[in-house]
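Taken from TrEMBL, the feature transmembrane segment applies to 14-34, 100-119, 139-166, 187-214, 329-350, 370-388, 408-431, 452-477, 483-504, 548-570, 576-594.
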Amino acid sequence: MGASSILPDLGTEILIPVCAVIGIAFSLVQWILVSRVKLSPGRDSGAPGNNGAAGKNGYADYLIEEEEGLNDHNVVVKCAEIQNAISEGATSFLFTEYQYVGIFMVAFAILIFLFLGSVEGFSMKSQPCTYDLSRMCKPALATAAFSTLSFLLGAVTSVVSGFLGMKIATYANARTTLEARKGVGKAFITAFRSGAVMGFLLAANGLLVLYIAINVFKLYYGDDWGGLFEAITGYGLGGSSMALFGRVGGGIYTKAADVGADLVGKVERNIPEDDPRNPAVIADNVGDNVGDIAGMGSDLFGSYAESSCAALVVASISSFGMNHELTPMLYPLIISSVGIIVCLITTLFATDFFEIKAVDEIEPSLKRQLIISTVLMTIGIGVVSWIALPPSFTIFNFGDQKLVKNWQLFLCVAVGLWAGLIIGFVTEYYTSNAYSPVQDVADSCRTGAATNVIFGLALGYKSCIIPIFAIAISIFVSFSFAAMYGIAVAALGMLSTIATGLAIDAYGPISDNAGGIAEMAGMSHRIRERTDALDAAGNTTAAIGKGFAIGSAALVSLALFGAFVSRAAISTVDVLTPKVFIGLLVGAMLPYWFSAMTMKSVGSAALKMVEEVRRQFNTIPGLMEGTSKPDYATCVKISTDASIKEMIPPGALVMLTPLIVGIFFGVETLSGVLAGSLVSGVQIAISASNTGGAWDNAKKYIEAGASDHARALGPKGSDPHKAAVIGDTIGDPLKDTSGPSLNILIKLMAVESLVFAPFFATHGGLLFKIF
């Protein structure tokens, strides 16, 4: 046991912040490269005198535009106008949302302080440690204060991550459209680079803030590492509670606009998707940014923060924490730092090493990103496990210490990493229109919307099978090797390539927006085809991103559950006791209740939107002819108001359940609720995301008409196409509101229970104490 790690503590203290800073610097470089695409109309690059300076690009591009018969000046001005409208809408929505969320944040912070402070009656004296009664530790009041602080830190970091992501996406969307005039490769690189800006900023920020917080808290806690890392768990809670509101609010916003725009525009009026005559079209494009980008960013940041916190909590009561070995203690952070470097190399493969020339190279290139990052990361984890861990050590396992070797921990992380890749590819198989499942769904549209819905639901349920086995195997392997710590690092393994995952994920909404801008600016058919191809690939990658988020959420919440059970001093969770079993039943019901709330919110908001869009088509003269402009602002306002109002009840359900159960029914029932919600939430989340994704791509498959089969199903406006649009509309709230929010529900309840565990363990279970 005496052998320490190869990497000295000083090395760790340099490595982590340096990697984080490299990540931030890399994202700034990508941002500068994106900003080189100019949004102000300039004719200089095309002028013959400049031909030498502009090189091969200037003159040739100028010729393409002439062929397209486009007045360059007008198009650029129009793109800039539309981008401005989208950016303003998104910014104003997020500010409104953050005002409400800010009030909640302060209230919840006070709640954390009062509950945790009251564990020992707000005393300032040192207490015997929870896990080692012979030593003295800092008072509960300190843990309360620092938990509150780290909660606020996590919340602010989460909000900033989402906001920056949205800013970058609205900055890049019109630039992607303009680049599409030069060919699909240029447009792809612009969209992908801007996705990378968000991915690296988020991964590096999350890591840096967490590392700084640990070091600052250490000034007070000194040698009491158990207390220190217990206080750090607030960081994960803050990250995820903001993500919940971002995801639910953004999801309701985007889908109300999308469903409203599709139903009136495509089904009733027979106008194309992002037609500028449709009043809801700006709201729809704003929605892509606030839901898919700001929401997704906060969500994955939350997962990342929580898996780090879960690993750190378990490690702090294992030999790393007991013997105060800094390097192995910060092993989770070292994995993330190496992940940033690995993703940096991977990104270069997409933007610099291989060039995309044709439409059918887009999806393989994005898939290559996943494979390259996973392979490189496996090597990275091997090296880290060898230099940052002692050859053998012990891990806390429900009361006793379990002996673990460093290669076993390497396998735990690697199994999580590869399980993530498998889940990503299975998701892709079920949601990409290149494979038979989606083509079967498209085929079923021949007999109308009903068969389309039946096939789509069946596809979603079936798509759960392999991901669940992958999660199950990784849980079994990692738990057998390193107990709960193994599961926490497996979740970290899945999230270690978060920068690449997020880049691929943010790429989707950016190219979706680019297509919308091309349509609204009245660009030619050829450009719209290019942006559509980018968008179809983006749809699949978004589904892959959701798969990752759900898989990691399952592992994270199990790890948090383990930490909660240890902290609440429960030795076994016995399903045969009535207290636990009723918890299981209620917990398994919660995802359904939550989904019902979010789906209904989308439905009622979409209803208002449909009425408004119809009203405008009927009352504004010359709207269909295109001689007068629709009133976009009213539609944006409808979406904003609906989502702010409707995000409160689902949010309250998730935030209050652990508190109510813990206070009135105690920790055993709460452990049942957590297990139940994890087990049922994962299934619904996977099936909802994949069903929605498949319906969306079945519609795109018919619209693109790329094969004989697709052409047989008809052009836009045919009966099978209308059936596909209906399926897509039903799938919208499933894949973008309920599905993605469920993984936050699973994690959030677990991390909240962990933060409040000391309080529940001393004061919980009021009802059972009375009887």
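Cβ atoms here come from the backbone N, Cα and C positions, even for glycine.
Curation plays no part in TrEMBL annotations; they are all automatic predictions.
Distant neighbours of the transmembrane segment (452-477): 411-412, 415-416, 419, 422-423, 426-427, 430, 437-438, 440-441, 444-445, 486-487, 490, 547, 550-551, 554-555, 558, 682-683, 686-692, 694-695, 698, 723-724, 726-727, 730-731, 734; these residues of the same chain sit at least 6 beyond its ends, with a Cβ under 8 Å from one of its Cβ atoms. For the transmembrane segment (408-431), the partner stretch with the most Cβ pairs below 8 Å, chosen from 100-119, 139-166, 187-214, 370-388, 483-504, is 483-504. Non-local neighbours of the transmembrane segment (329-350) in the same chain are 7, 12, 15-16, 18-20, 22-23, 26, 30, 189, 192, 196, 199-200, 203-204, 206-207, 210-211, 214, 225, 304, 307-308, 311-312, 315-316, 320-321, 365-366, 368-369, 372-373, 376-377, 380-381, 383-385, 388-389, 409, 413, 488-489, 492-493, 495-500, 503; each lies 6+ residues outside the stretch with a CB under 8 Å from one of its CB atoms. Contact count against the transmembrane segment (187-214) (Cβ pairs under 8 Å) is highest for 14-34, out of 14-34, 100-119, 370-388, 576-594.
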